[in-house]
Amino acid sequence: MLGIHGRSVTKAIFTPLAKVLAKWKISPNAVTAAGTVVTVAAACSLIPTGHLLAGVIVLVIVMFCDSLDGILARLTKKQSQFGSFLDSTLDRISDGAVFGSLTLWAALHLPAGAHQIITIALGICATVMAAAVPYARAKAESLGANATVGIAERTDRLVTVGIGALLTSIGASTWFITAALALVAVAGFVTVMQRLATVKEQLG
């Protein structure tokens with residue numbers, strides 16, 4: 001939901017930067033790959049080591065720039081099916097790095113006990129759901145159905161865990177990360193169920 005409403009804002013902000021990149025002859029696919037490298041590096045190096053605030057700041061910047069490759073592709077008329085495939089595939093890698101890193105953070109930094117176990121379990125569930133949501137849509141589209149419905153898109157999931165990590169990083173309870181992972185896991189499950197239902201209606 002947040003992704004839909006934020007597109008006009010990001011387009012206005014990043015079109016000037018996209019024009020500069022186009023002048024430098026940097027391809028949209030290169031921007032996509034660079035964003036993924038930064039995301040994975042930041043998530044895997046900062047979050048598990050306890051640098052939550054630095055990790056959140058880097059990830060917010062990268063997430064905010066996520067639409068830059070699409071803007072550049074439209075501007076340079078280099079939109080392609082492979083570009084779309086690459087973007088979707090690398091997004092899954094980025095999501096896995098973010099949620100996997102938060103799960104590892106819980107294993108390394110939370111005291112042994114129920115809270116740690118719950119957070120790790122929710123982190124695993126959130127990681128699975130982050131992959132299942134886009135897969136349900138992709139599989140539906142490959143069968144000729146439409147599955148864009150759902151309460152939790154990628155931006156919603158990343159913003160949710162970003163807020164949880166930010167609050168914890170500034171001294172709030174570590175339960176905020178646990179709650180954020182729970183929200184992502186539940187919202188992801190609901191979204192998958194919504195997509196299953198709508199595809200069943202279309203395909204019978």
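Placed from the backbone N, Cα and C atoms, the Cβ positions cover glycine too.
Source: prediction; values computed, not measured.
Annotated features, as they stand in TrEMBL:
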- Asp91: active site, proton acceptor (ACT_SITE)
- Asn29, Ala30, Val31, Thr32, Gly70, Arg74, Ser80: CDP-1,2-diacyl-sn-glycerol binding site (BINDING)
- Asp66, Asp69, Asp87: Mg(2+) 1 binding site (BINDING)
- Asp66, Asp87, Asp91: Mg(2+) 2 binding site (BINDING)
- 117-136: transmembrane segment (TRANSMEM)
- 157-190: transmembrane segment (TRANSMEM)
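Comparing the binding-site residues Ala30, Val31 on other C-beta atoms within 10 angstroms of each C-beta gives the minimum for Ala30. Across the recorded positions listed here (Asp66, Asp91), the residue whose Cβ sits among the most other Cβ atoms within 10 Å is Asp66. Among the binding-site residues Asn29, Val31, Thr32, Asp69, Gly70, the residue whose Cα lies closest in space to that of the residue listed as 'active site, proton acceptor' is Thr32. For the Mg(2+) 1 site, the Cβ centre of Asp66, Asp69, Asp87 serves as reference, and the other residues of the chain with Cβ at most 8 Å from it are Pro28, Val31, Thr32, Gly35, Ser67, Leu68, Gly70, Leu90, Asp91. Distance between Cα atoms for Asn29 (CDP-1,2-diacyl-sn-glycerol binding site) and Asp69 (Mg(2+) 1 binding site): 7 Å, as a whole number. Take the binding-site residues Asn29, Thr32, Ser80: by the count of other Cβ atoms within 10 Å of each Cβ, the lowest one is Ser80. Packing around Asp87 (Mg(2+) 1 binding site) is summarised by its Cβ count: 20 other Cβ atoms lie within 10 angstroms of its Cβ, all protein chains included. Long-range C-beta contacts of Gly70 (CDP-1,2-diacyl-sn-glycerol binding site), restricted to its own chain and to partners at least six residues apart, with a cutoff below 8 Å, comprise Pro28, Asp87. The Cβ of Asp69 (Mg(2+) 1 binding site) lies under 8 Å from the Cβ of Pro28, Asn29, Val31, Thr32, Gly35, Gly83, Asp87, each of these being in the same chain and 6 or more residues away along the sequence. Other residues of the same chain near the CDP-1,2-diacyl-sn-glycerol site, with their Cβ within 8 Å of the Cβ centroid of Asn29, Ala30, Val31, Thr32, Gly70, Arg74, Ser80, are Ser27, Pro28, Asp69, Leu72, Ala73, Lys78, Gly83, Leu86, Asp87. Taking CA atoms as the reference points, Arg74 (CDP-1,2-diacyl-sn-glycerol binding site) and Asp66 (Mg(2+) 1 binding site) are 14 Å apart. With a 10 A radius on its CB, Arg74 (CDP-1,2-diacyl-sn-glycerol binding site) counts 14 other CB atoms from all the protein chains.
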